[in-house]
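Down below is the structure, laid out as structure tokens.
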């Protein structure tokens, strides 16, 4: 039986050996055996220890064949198990166990034949392979085997003892794990510390293989250490895990995660973080802070006061602002303002200084001489002298006699235009609105004594500017005085204009055909004005005339010719033309046209000329008879076209080289005017705001520029302490849509003088509800504007007493309230009038008398001495004995 078992076990061993050889495990055994022998030779372990350990190792094998076979299988399995482990793990002491001698000396001859043995199935082969390649034993099983080997120690056999190589590990360094709080950080890490400079890494990191091999612990060794009983010396003491040693020894060189992996620092190194550290005031206080990046503190450079010296001499052009003057003088504007304020002048930086005296005085205060630069002004001003000065400076050989310019002046309705019509044999007076002249006319008429240029001026008080302009341009003034009325206000004004211009005066006493004509009255009035007539031994020529009968007209012409001969009126026709604008207007077909009077030189067709703020190139030139002219000699009035804009009446003109030069001059002038207008903006009138003045806003449109001037002058002369007049816009031509829209936006009134409304603007007037007033006579326009100004004022309320009644009894009514039984003591109580409730001579309330009854009948009024029932509107607190005064409110319009 035993022999059969042995045979079976032997067969299994042989089969396993064949499988091992087939799998190539025999070569692995040889390599392991050679490695073990080399380690045994190099190891310093003593032979006694080797024998003792080998005896302990072989004690577990039994003498019987099955036990030897199991031991061989076990050793083989261990060698295979060592291969399965990671090659990067720490090596264990390897042991080599030799097979028993009986098994090693077996040969294939002793094996049974193939025929006698039954073939193994696949399942049996798989089972045998599983037995041969066993899984490693658990640590508990290894421990039990070691205990059994120690207990059943047997003497060593004569077999070759295996050599065991052991590895002594250094003692592990015990590291104390710091305790962390709920935040996951140590308490010392939460305190403010001074930071140290990070250590520079000089050594490169170890390869991943070495790190893994060193740090990976032996699971089997650790588990064996836990199961090994204390007091046994069978195995050397195990050291601490590799990863703990690594973290303990190389803590400074290894990179860790958050602060909790850092080593605990001593309290001596902990430094409180203060506000000085935040602002970098503790820099360099310790060596640890040397690594910190020093803040670059910008050192405050002491501002050196650069004493800028004011220049001793500058050259400026006027007007100039305070700011610009300070810049030119290299000073602060505040210094100039302070100096001006000290001398009683209040200015701000944007105010304009246009006085040469003020500018130069301020310069002297700072030690600077200021010179006024007038080069630009000289460039824009083509000529400096007047026409008369230019004629006086001209070579006498070039001068020729010219026609006299005669201006007819006088009071309104004294017959100036009628007298001119009689001289010209025309009928201009019939076409004038209101039978008064409202435009200035200039024309040349031929008389038996020669040609005379006549200027017809308006006589109304509104046209004083026209009269002044006529007095400046004319040579002789014919003062027309009505013999039946004498000298009036505008006559006196005309005399003053003539005296101011030092012009010869000839007095024409008109309307000599009337029965109440009295020339002596006119002589006396002239003498009172220091104009002594020739009849009284003076030098003033007086002529009695009648425009209707023609009496005295020839004498008047002869007198004018005599005066012109005495004056020796001459001009230079070869010079460039200079003159004055008599009137200008906007023609629908021709555009801007102007009536000009040539005073010196000759004006030719196609020449370029410059006015104050516009220029032009003459396209057409007509006389008063609408005849086309090629040239105009001195003392000739002509109507010219081709202007860039409408010139103002009274503007002088002069001929320039070409249109390009004229355009450049006007562009420079307009730029200067715009700059001056921007600098000299009117400050808001705070007095009007404080006085709560009302303002009438107007937009004026007229047929000619002179009419606008006259109307604006008349409107602005309306004096009122309660209403101010502001002219928003004025222009020549018909009233357009833009004028209506501007009036609607600004709540203004449109005034049209001798003009009309464009057809497409009439519907806009109704839709926007704009007030438009059209006039043909100037004094009608002025009167209408006064009425509009008066309508802006709130009427004055006046209370007029009507009667009084005393309350004798009171009656309560649930529907009507309190009814007062009264006795009328004075006057009349009238229904629906105002009532005062008076008690102890004090007015308690004012209300309306809503109901008045007499004997249960509604009456309109109750007279004195009668009783009545009165119901007051919204008042129920009157008592017996109170007095009810009835009154009415009368509104009176205010006066300007």
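In case you wondered, yes, glycine gets a Cβ from its N, Cα and C as well.
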Annotated stretch (region 'G1', per Swiss-Prot) among the listed ranges 386-393, 394-401, 402-409, 410-417: 410-417
Annotated region 'G2' segment (source Swiss-Prot; candidates 425-429, 430-434, 435-439): 435-439
Of 510-513, 514-517, 518-521, 522-525, the range Swiss-Prot labels region 'G4': 510-513
Of 448-451, 452-455, 456-459, 460-463, the range Swiss-Prot labels region 'G3': 456-459
Long-range Cβ neighbours of the region 'G4' (510-513) (under 8 Å; 6 or more residues past either end): 414-415, 419, 480-484, 519, 544-549, 551-552
Residue 457 (GTP binding site): tally of other CB atoms within 10 A of its CB: 28
Secondary structure composition of the region 'G4' (510-513) [DSSP: H/G/I, E/B, coil]: 0 helix, 1 strand, 3 coil
Assigned conformation of residue 410 (GTP binding site) - DSSP reduced to three states: strand
For residue 512 (GTP binding site), the number of other Cβ atoms found within 10 Å of its own Cβ: 20
